[in-house]
Amino acid sequence: MNLHEYQAKQIFAQYRLPVSKGIVCHSLDDAVSAIHTLAGDTWAAKCQVHAGGRGKAGGVKLVRSEAEIREFCNQWLGQRLVTFQTDKNGQPVNTIYLEETCLIERELYLGAVIDRSSQKIVFMASNAGGMNIEDVAAQTPELIHKATIDPLTGAQAFQGRELAFKLGLSGDQIKQFAHLFVQLAKLFIEKDLALLEVNPLVLTKQGQLLCLDAKMVIDSNALYRHPELKALQDPSQEDAREADAAKWDLNYVALDGNIGCMVNGAGLAMGTMDIVKLHGGRPANFLDVGGGATKERVSEAFKLILSDQNVKAVLVNIFGGIVRCDLIAEGIIAAVNEVGINIPVIVRLEGTNAELGREILANSSLRLIAANTLTQAAQLAVKAAEGK
């Protein structure tokens, strides 16, 4: 689960991490009032969306007057911000975060992720702050310095000092960085995070380290023990179909293609999407109904696919290991009868009760196209989506 920048910074403050003073604004009046409360004569206005690349998209701007903040709010509040991390529709801007600015001497990067191979937390630090860390890793990997944290023992101050030396910090800056490093690691572990980023972490002209941006991604599997974090969830930033899918324990990710895919098993789902792409098609979604699919879940999955107006054909690829193909067939029939359908549906069933499943579909009087192999199914789906 993603958090907004202002939410992450509020949590940062609880862990005694240095952040700028800011005010959350939900309306133009809030923003105008905020600039009279915050110090200084220049403020950073930031659109709050669950996506990176806000600055390049115009969603972050320095404002120096009431007129400028009015212009910024009128431009973005209630609108959608499109960045390189969003789809073509962008994310809705319901909140603007207005905060005090500082004079910057240097921009650094500090982030943490889970290394699943070693089952440890890896911190990454770099002098290339303010940049896309993926680009830095690809083009200049020598600029990234790492420290590995055992979650059972936590971060050690000496690890923070070692990173500080590599970043070229000196004097009191090293002490500040070590404190920041240890506290971020504590936050990462205690809040069950999957990702943590401070980009940029700046060194001000006064020699103080400051978290100028903050990104937190919480492991959704751990939310049951963090109700205070669950309460921070912003449904407006999530795809409505993905939210509906979660209610039925369906793994759904919306894409921009025109061939709906319903598959059981994440690996098979990705393989199905690859085969569709190989034959010139464009998947409209990733949808894994899971190994314990019931008739009801399959029905909901089918309705979910058909709710996408861009879908011109549906490819159902089921391998019956745990799940029974006859249940899948009954779910498809139930969904089609309930929702109605006027697009081709290609079905490939293999495994447990596959013959029975095919028989159920054949006797349903529905317009379904049977496929014997995955390659044939993909080819039929691509042709159907093209109207051939």
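Cβ coordinates come from backbone N, Cα and C, glycine included.
Annotation comment: Swiss-Prot describes Lys46, Gly53, Arg54, Gly55, Glu99, Cys102, Glu107 as ATP binding site, evidence class sequence analysis. Residues or ranges marked as Mg(2+) binding site by Swiss-Prot on the basis of sequence analysis: Asn199, Asp213. Taken from Swiss-Prot, the feature substrate binding site covers Asn264, Gly321, Ile322, Val323, and the record attributes it to sequence analysis.
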Using a 10 Å radius around each Cβ and counting other Cβ atoms from all shown chains, which of the binding-site residues Cys102, Ile322, Val323 yields the largest count?
Val323
Cβ packing number for Asn199 (Mg(2+) binding site), 10 Å threshold:
22
Of Asp213, Asn264, Gly321, Ile322, Val323, which binding-site residues are close to Glu107 (ATP binding site), meaning a Cα within 10 Å of its Cα?
none
Please give the maximum pairwise Cα distance, in Å and rounded to a whole number, for the ATP-binding set Lys46, Gly53, Arg54, Gly55, Glu99, Cys102, Glu107.
21
Can you tell me the CA-to-CA distance separating Gly55 (ATP binding site) and Val323 (substrate binding site), as a whole number of Å?
47
Using C-alpha atoms only, work out the spacing between Asp213 (Mg(2+) binding site) and Gly53 (ATP binding site) and round it to an integer in Å.
12
Euclidean distance between Cα atoms of Ile322 (substrate binding site) and Gly53 (ATP binding site), Å:
42
In angstrom units, rounded to an integer, how far apart are the Cα atoms of Lys46 (ATP binding site) and Asn199 (Mg(2+) binding site)?
14
Rounded distance in angstrom between the Cα atoms of Arg54 (ATP binding site) and Val323 (substrate binding site):
43
Counting other Cβ atoms within 10 Å, pick out the least crowded of the binding-site residues Lys46, Arg54.
Arg54
Nearest to Asn264 (substrate binding site) by Cα distance: which of the binding-site residues Glu99, Cys102, Asn199 is it?
Asn199
So how far apart do the substrate binders Asn264, Gly321, Ile322, Val323 get, largest Cα to Cα in Å?
10
